[in-house]
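Undergrad: Before we start, here is the structure in question, set down as structure tokens.
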């Protein structure tokens with residue numbers, strides 16, 4: 001893609017476009033300029049042809065190179081260039097022999113049209129369809145956009161480009177067939193090493209595709225445990241000790257009616273329960289979950305604390321207390337601790 005763009009711009013700037021097209025008469029038959037058989041592949045005739053060629057190469061050549069690998073893809077492009085050049089010359093001579101078809105392919109516009117259609121054949125055979133859609137009841141796939149661009153290229157300079165498109169498709173078919181055993185040929189190792197040493201640094205470093213071996217989706221917590229994981233629970237031991245708060249004894253005062261207000265022992269859910277919640281919150285260092293009612297915090301028993309402490313010896317006692325307080329039962333608390341250790 002880079003070389004095609006640079007050469008197309010260069011031949012336009014230096015006004016040498018007349019050297020890059022192919023014409024049987026008089027360039028080949030009279031002047032014997034056989035180098036034009038190869039030079040017409042390296043540049044496009046105009047900016048619109050260059051734009052369409054770059055769009056097609058971006059959409060078809062990159063997936064094929066990723067499928068083949070760089071060495072096999074370079075070998076395929078080199079073989080496609082040689083075969084298309086030979087077939088184009090043979091077809092031009094064959095059409096020249098008849099007076100009815102001598103004007104069909106006497107002039108071939110510059111551009112890698114035949115090579116692009118050889119790559120399109122590999123794209124048709126190897127690249128799967130990503131999605132389907134319908135337009136006016138007609139089912140289509142995402143590859144329709146590539147085919148639309150290819151159709152526009154094939155009819156850009158009739159009839160020459162249409163004949164080149166057919167030649168390119170036949171060359172791609174011949175490469176994939178077992179007739180000539182072309183798929184096993186590779187470019188010489190010296191040429192590969194030369195490209196890696198001198199050409200690759202000019203293009204810059206490219207990051208390799210990151211492939212993952214994870215085929216299973218991540219396990220998501222259930223609805224019950226997700227509500228318990230709203231806060232981040234750390235299983236690390238905390239050396240910091242929090243002093244136990246001391247409760248001030250209530251002072252009995254008489255009301256104007258001669259009655260005394262209720263003590264902590266009479267309403268433990270209202271006064272004593274609040275002191276216990278405050279003490280547990282300060283002990284664990286965690287905030288009370290949002291949406292929790294004033295008197296619904298569960299106070300764990302010593303048996304539950306001992307069971308979880310034995311199950312998780314590396315977890316501090318204050319963390320166990322905090323998890324039990326925020327869990328509806330001991331099973332949910334154990335699940336929360338296991339989840340936190342896995343993460």
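In case you wondered, yes, glycine gets a Cβ from its N, Cα and C as well.
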Undergrad: Of 41-61, 104-124, 188-208, which range does TrEMBL call transmembrane segment?
TA: 104-124
Undergrad: Looking only at the domain 'Peptidase S54 rhomboid' (32-175), what are its DSSP counts of helix, strand and coil residues?
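TA: For that range the per-state counts are 94 helix, 10 strand, 40 coil.
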Undergrad: If you average per-residue pLDDT over the domain 'Peptidase S54 rhomboid' (32-175), what number do you get?
TA: 91
